[in-house]
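Worksheet for the structure shown next.
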Amino acid sequence: MPKTLIFGHKNPDTDTICSAIAYADLKGQLGVETEAVRLGEPNGETLYALEAFGVSTPRLIEKAANETDRVILVDHNERQQSVSDIDDVQVVEVIDHHRIANFETADPVYYRAEPVGCTATIIKKLYKEHGLDIPKPIAGLMLSAIISDSLLFKSPTCTEEDRQAAKELAEIAGVNAEEYGLNMLKAGADISDKTAGELLTMDAKAFAMGAATVEIAQVNTVDINDVLARQSELEKVITAKINDNGLDLFVFIITDILENDSVALVLGDKTAAFEQAFQTTLTNHTAVLKGVVSRKKQVVPPLTEAIANVN
C-alpha cells in the first residue's frame with residue numbers, strides 16, 4: 001500500500017506546513033506510513049520556524065493521485081483550497097479548525113474539527129490522547145503554528161486551549177514564546193522583496209459563498225502604508241485574477257501585527273456586500289477595519305451573510 005500523504009491548503013501558512021509535519025510524526029509513532037507534503041511555497045515566517053527548529057521543508061506536490069490513493073487533510077477541508085486532483089483520491093482523515101464547506105466523501109472519514117485558533121492545538125491534544133511524546137522540534141513547530149494563527153495570542157480566534165497548548169509546547173521546545181513569537185512574526189512581516197503577485201498569493205484562500213466565488217488574501221506587516229504605496233500595482237494584479245478565475249470579489253486584508261488593525265483593498269462585482277458586511281464605504285477601493293485581524297472569524301462569516309442578502 002502506498003504511503004498516505006498529509007497536506008494543508010494551497011498558498012500554505014505556518015499552521016498548514018507545521019501541522020502536516022507534526023501529524024506525520026504522530027502517525028509515524030503509531031506505525032502508519034505517511035509523508036507531510038506542501039501545495040505551495042512556504043512564507044518567510046514559516047521558513048524562520050523550520051530553520052529555528054532544524055526541520056526540513058516538506059516537498060512540493062502538484063497532484064496526489066499519481067503517487068497515492070489516500071490523503072489526510074490538515075488545516076482545511078474546502079475542495080477549492082486543496083490539491084487539484086482531490087476528487088481522484090480518498091480523503092481518509094481531516095484535522096481542521098475552520099468552517100465545513102464544499103466537502104463530501106464517498107466513504108466514512110475520521111473528521112476532527114474543533115473551534116480553536118489553530119490546527120496544531122488539536123494535534124497537541126491527539127498526542128496526549130494517544131499517550132505519545134512530542135519531540136522537541138515538533139513542539140517548536142506546533143508552537144510556531146499557534147503563534148502564527150493567533151498573532152501571538154492577540155487574535156479573537158485564540159482560545160484558552162490554544163494558550164495552554166502553547167505554554168506546554170514552549171516548555172518542551174525550550175523557548176520563550178513571547179520573545180520567539182515576536183521574532184517569527186517580524187520575519188514573516190518583512191515583505192520588502194515581494195512582488196505584487198507574491199503579496200496576493202502568500203496567504204490566499206478561495207471561498208464559495210452561495211453562488212459567489214470569493215478570494216480573500218491576507219498579509220501581515222509592521223507598516224500598512226508600505227503596502228498601500230503599491231496599490232496601483234496591486235489593483236492591476238487583482239483585476240487580472242478576477243478576470244482569469246471568474247471571481248465575484250477579491251478582498252486583500254493588510255494587517256498591522258503591532259496595532260492589530262487592518263485595511264482592506266476590495267475589488268469585484270460584490271463590493272456592495274463587503275460594505276454591508278462591515279458597515280463601511282469603500283474609498284478608493286479601501287476601508288479601514290479596526291480590530292480586524294482574523295480572516296476566519298472576522299471576515300468570512302459576515303461577508304458570507306452579506307453576500308447572501310445582497311443581490
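Note: Cβ is positioned from N, Cα and C throughout, glycine not excepted.
Under the DSSP three-state reduction, ASP75 (Mn(2+) 1 binding site) is assigned to coil, being neither helix nor strand. Annotated Mn(2+) 1 binding site per Swiss-Prot: HIS9, ASP13, ASP75, in sequence order, evidence recorded as sequence analysis.
According to Swiss-Prot, the feature Mn(2+) 2 binding site maps to ASP15, ASP75, HIS97, ASP149, an assignment based on sequence analysis. According to DSSP, HIS97 (Mn(2+) 2 binding site) sits in a coil region rather than a helix or strand. Around HIS97 (Mn(2+) 2 binding site), the same-chain residues six or more apart in sequence whose CB sits under 8 Å from its CB are ASP75, ALA113, GLU114, PRO115, VAL116, GLY117, CYS118, THR119, THR121, ILE122, LYS296, listed in sequence order.
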Cβ neighbours within the same chain of ASP149 (Mn(2+) 2 binding site) - under 8 Å, at least six residues apart: ASP13, THR14, ASP15, GLY117, CYS118, THR119, ALA120, SER155, THR157, CYS158, ASP162
Binding-site residues: ASP13, ASP15, ASP75 - member with fewest neighbouring CB atoms within 10 Å: ASP13
Residues flanking the Mn(2+) 2 site, with Cβ no more than 8 Å from the Cβ centroid of ASP15, ASP75, HIS97, ASP149 and excluding those residues themselves: GLY8, ASP13, THR16, SER19, ASP96, HIS98, GLY117, CYS118, THR119, ALA120, ALA145
Remaining residues near the recorded Mn(2+) 1 site, that is with C-beta within 8 Å of the centroid of the site residues HIS9, ASP13, ASP75: GLY8, ASN11, PRO12, ASP15, THR16, ILE17, SER19, VAL74, HIS76, GLN81, THR119, LYS205
Other CB atoms, at most 10 A from the CB of HIS9 (Mn(2+) 1 binding site): 27
